[in-house]
Amino acid sequence: ARSQDLAPCTTCGRRFAQDVLLRHDPICKKVFNKKRKPFSSLKQRLQGTEITTVKKQPPQKKQPGKKSNWRQHHEDFINTVQSAKQVTKALKEGHPLPPPPPPSINPDYIQCPHCSRRFNEAAAERHMKFCEEQAARHAFAAKTTRQALGKQLVTQKKTPTLTAAVLSLQKRVQEGANTGKPRPETSPGILQKTRKSLGVSTGKKSSGEFG
């Protein structure tokens, strides 16, 4: 008879008597509808100490695993075995040796942008810095040599210009050669020396040529 008089609670589903259910229903709704804050044991342990705030460390990202290149290694192994068989066959038959197989490219290696060679990750970090400095030095040296060559072409040796005294002396010599008579102010020996130095032919042979 008592179990038939019990009524279920709309919140938790338990059964109570009518007078008890009237008191239980508002309390049950208040408890179940209230959101509980998550309990932090760290804050409770740090409470009352000098350390008030603790910075949370960001979760470490999982590094993606490297893909295995077993297929390429298998193909390289097969090519090596086949080339070795061809070499032994050529040595037995006396034929010329076949060309070696082309070198395989490892996809795990990193290519240097300056010299196009390939290295692993640790060696590539060291090499790229060194190779970049060397490339900059070579470019600077080539630039300076081009500038030096350009300056040399611009500043070529100019032909020496004749002075006023040489021009006047050459004019006198030419006038004397045209008239055939040396001027009184110039002696024959000086005139002959100047003619020889300037390349003017008088048409006469000196006495020294005959004997």
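Backbone N, Cα and C atoms are what each Cβ position is placed from, and that goes for glycine too.
In the predicted model, the domain 'C2HC/C3H-type' (5-34) has a mean pLDDT of 86. Per TrEMBL, the feature domain 'C2HC/C3H-type' maps to 5-34 (among others).
Among the features that TrEMBL reports, region 'Disordered' is placed at 39-73 (among others).
Per TrEMBL, compositional bias 'Polar residues' is recorded for 41-54.
Long-range contacts of the region 'Disordered' (85-109) within the same chain, counting only residues at least 6 positions beyond its ends with a Cβ under 8 Å from a Cβ of the stretch, are 66, 69, 72, 75-76, 79, 118-120, 124. Sequence annotations record features per position, and here TrEMBL assigns region 'Disordered' to 85-109 (among others).
Residue counts for the compositional bias 'Pro residues' (96-105) under DSSP (helix as H, G, I; strand as E, B; rest coil) come to 0 helix, 0 strand, 10 coil. Here TrEMBL flags 96-105 as compositional bias 'Pro residues'.
The domain 'C2HC/C3H-type' annotation in TrEMBL covers 108-137 (among others). Here the domain 'C2HC/C3H-type' (108-137) is broken down by DSSP into helix, strand and coil counts: 17 helix, 4 strand, 9 coil.
As annotated by TrEMBL, region 'Disordered' applies to 173-211 (among others).
With DSSP classes pooled into helix, strand and coil, the tally for the domain 'C2HC/C3H-type' (5-34) is 17 helix, 4 strand, 9 coil.
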